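Notes to accompany the following structure.
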Amino acid sequence: MKTVVFAYHDMGCLGIEALLAAGYEISAIFTHTDNPGEKAFYGSVAHLAAERDIPVYAPDNVNHPLWVERIAQLSPEVIFSFYYRHLICDEIFQLAPAGAFNLHGSLLPKYRGRAPLNWVLVNGETETGVTLHRMVKRADAGAIVAQLRVAIAPDDIAITLHHKLCHAARQLLEQTLPAIKHGNILEIAQRENEATCFGRRTPDDSFLEWHKPASVLHNMVRAVADPWPGAFSYVGNQKFTVWSSRVHPHASKAQPGSVISVAPLLIACGDGALEIVTGQAGDGITMQGSQLAQMLGLVQGSRLNSQPACTARRRTRVLILGVNGFIGNHLTERLLREDHYEVYGLDIGSDAISRFLNHPHFHFVEGDISIHSEWIEYHVKKCDVVLPLVAIATPIEYTRNPLRVFELDFEENLRIIRYCVKYRKRIIFPSTSEVYGMCSDKYFDEDHSNLIVGPVNKPRWIYSVSKQLLDRVIWAYGEKEGLQFTLFLPFNWMGPRLDNLNAARIGSSRAITQLILNLVEGSPIKLIDGGKQKRCFTDIRDGIEALYRIIENAGNRCDGEIINIGNPENEASIEELGEMLLASFEKHPLRHHFPPFAGFRVVESSCYYGKGYQDVEHRKPSIRNAHRCLDWEPKIDMQETIDETLDFFLRTVDLTDKPS
């Protein structure tokens, strides 16, 4: 049976050996070039392929049409992936009549995503395993073909568990590959309600936070022990690595991070104490704990910290242009909840942010970005992270004021992008789900979906193409001039403070605010073209949490990434949104203050928006990049969002002249 294999690491090597032993004909192997910054303790797939006289390739992008065509020419009957680090596109899966299968290092559906070996140890699991599953477009989500369980012993560290998993994988493949070859397999669908997903880990993720329980810190040490980069902490500005540890149920009133004793080297934690058994100062040699204490100059009562002392004091400065807007004011609230951000904001109004104006770490100037260019340039230079959130983003304005949309959304933002390039500042840019346009994919994917818009004589697309061109400019600056960036695409975020009822009165608001105004005023809810268009509605709290994680950028995982932020489970038509909103309105305690419901009215889009409008039938995001980069998934049900949004707006209405 002819196969093409995607493989890396020890699992890749043993997978190839298992295929050959089972009588498969391997036409080609795709692997990766080794990362010079990574400690290579594992077998080389490239070397094995060369020894077995099998063609081997390591393209930067195996999903490029040229590589897809070359794989098609190999006519594989089945495809296998063994720890290949990049997602493989659906077009490649479809080349093999028998399908594609992936070996994953966990008991799926638990621990989908990256680094499951390390994550199960970080989380203190007592069992994991290996899974062979059918590959589908969503990573690690296909039907399970076979699994083997692996017990995790209390003294297991990453390398010992790795060896256990390799042994289990070898057994699993020996049992399963002949059955796949003969088409004799039983597949079991994964239980989505049990799925968990974890993202990529980097060395910077392994710092020891001493306020946590000693057992949690010990698990971190186990998860990244040699040959992984190791868990680390600081004495002042001196970094040291902890290679092995023990948990002590030491009852101490010492502050977390305090040295309780130096022989043994015992550190107070949020609960209990951690003994550092072996460790290493800087790039030095490994030594036992008491010698390490001497090397670091530690005495009883010394304090350790999770980051260098020189960097622990300075807050990250975040510049938010459009801070009074829907995203801007909610993001400000989230940032100020932490103690390590300084927020600088500019907007033409301050009604939504009035609650922050006296906060010591919030600095606001009222102004227009098209006028206050000097202030903006100075603050781009001064701040660490820039979020240009100013844009006209209401559909009726795209046809009513297309030139103004272009001038503000494109020209003004391009100037800010160039400031970020000039001063080498990180930019987090709000693209839009509108860039996908009339894409026909079931799930809109950041890396593979085509961006399809209508003809030039439909000005409705000026917002979409303005944003898309800015996305491409930012990407090019990142590639050519090293701009540090992340693009995020909100999918129909909604919640309190989304526009306002006055904006809705002139038609310049998003859908839910317009519908609430209709209920408040007793006017018919207008369903444009019947309201059958489907959207995926995302609670503002879910969206802001994802955006906050982009700003945090743990391990720089978000650099150069395009990330959809939406809730694919909250899909509803505009008509369904209206019906859910009406039901919530009818049972609201303030309902008796408002006129009777005036019904639904179907309106043609050309009458409502103008002749230059086109609509999109569906818009559902793939959120695999959000899973991978942010360890994020939305949690809030659409009905809860509707209830809270409605309640917020109803309580802003002056009820003195309403019927009771």
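Placed from the backbone N, Cα and C atoms, the Cβ positions cover glycine too.
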According to Swiss-Prot, HIS86, LEU87, ILE88, VAL136, LYS137, ARG138, ALA139, ASP140 bind (6R)-10-formyltetrahydrofolate; which one of ARG70, ARG114, ARG170 is listed for that same site? ARG114
Select one of ASP339, ASP347, ASP351: the residue that Swiss-Prot places in the NAD(+) site alongside ASP368, ILE369. ASP347
Of the recorded positions listed as ASP140, ALA393, LYS526, LYS532, ARG535, the one whose CA lies nearest the CA of ASN102 (site 'Transition state stabilizer'): ASP140
So of all those recorded positions, HIS104, ALA393, ASP529, ARG535, which one's Cα sits nearest to ASP140 (site 'Raises pKa of active site His')? HIS104
Which listed residue (ASP140, ASP529) has most other Cβ within 10 Å, given these are recorded positions: ASP140
Taking every residue in the region 'Dehydrogenase ArnADH' (314-660), what is their average pLDDT? 92
Taking ARG619 (active site, proton donor) as the reference, which of HIS104, ALA393, ASP529, LYS532, ARG535 (the recorded positions) have a CA within 10 A of its CA? ARG535
Enumerate same-chain residues with a sequence separation of six or more from HIS104 (active site, proton donor) and a Cβ-Cβ distance below 8 A; give 'none' if the list is empty. ARG112, PRO116, VAL130, THR131, LEU132, HIS133, ASP140
Under 8 Å Cβ-Cβ from LYS532 (UDP-alpha-D-glucuronate binding site), six or more apart in the same chain: what's there? SER573, ILE574, GLU575, GLU617
